[in-house]
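Taken from Swiss-Prot, the feature transmembrane segment covers 4-27, 32-55, 64-92, 96-121. Taken from Swiss-Prot, the feature fluoride binding site applies to Asn41, Ser110. Residues or ranges marked as Na(+) binding site in Swiss-Prot (evidence: experimental evidence): Gly75, Ser78.
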Amino acid sequence: MIKSLFAVIIGGSVGCTLRWLLSTRFNSLFPNLPPGTLVVNLLAGLIIGTALAYFLRQPHLDPFWKLMITTGLCGGLSTFSTFSVEVFALLQAGNYIWALTSVLVHVIGSLIMTALGFFIITILFA
């Protein structure tokens, strides 16, 4: 249990730090669809897709690494709550098209990046 906790703490602290750095760097560039939030969510999708494909090929890998990458790193890096509050703010301001665009770009983009990560590893290890 302690080992699992440390895996999540280590991965989460790296993920949270990356999220903060990327969001700080990019969000002011285009406030209607904050790119920092989008970048971290897309990056987390890519990482978890590559991790899933890799872990499927390494069934005996210590669960520590799986927890550190998926729950820790990707959980700390991605941010559904910030995405939600940004969409909510757009809706409150009457920017319905931007809100819908944000939802579509985040959800479809994250799915595409997850699939891309999965297929990159699948091709590399074929």
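From the backbone N, Cα and C atoms, a Cβ is placed for every residue, glycine too.
With a threshold of 8 Å between CB atoms, the same-chain residues lying at least 6 positions outside the transmembrane segment (64-92) that come near it are 3-4, 6-19, 23, 32, 34, 37, 40-41, 43-45, 47-48, 51-52, 55, 98-99, 102-103, 106. When other Cβ atoms within 10 Å of the Cβ of Ser110 (fluoride binding site) are tallied across all protein chains shown, the result is 22. The two recorded residues Gly75 (Na(+) binding site) and Asn41 (fluoride binding site) have their Cα atoms spaced 10 Å from each other.
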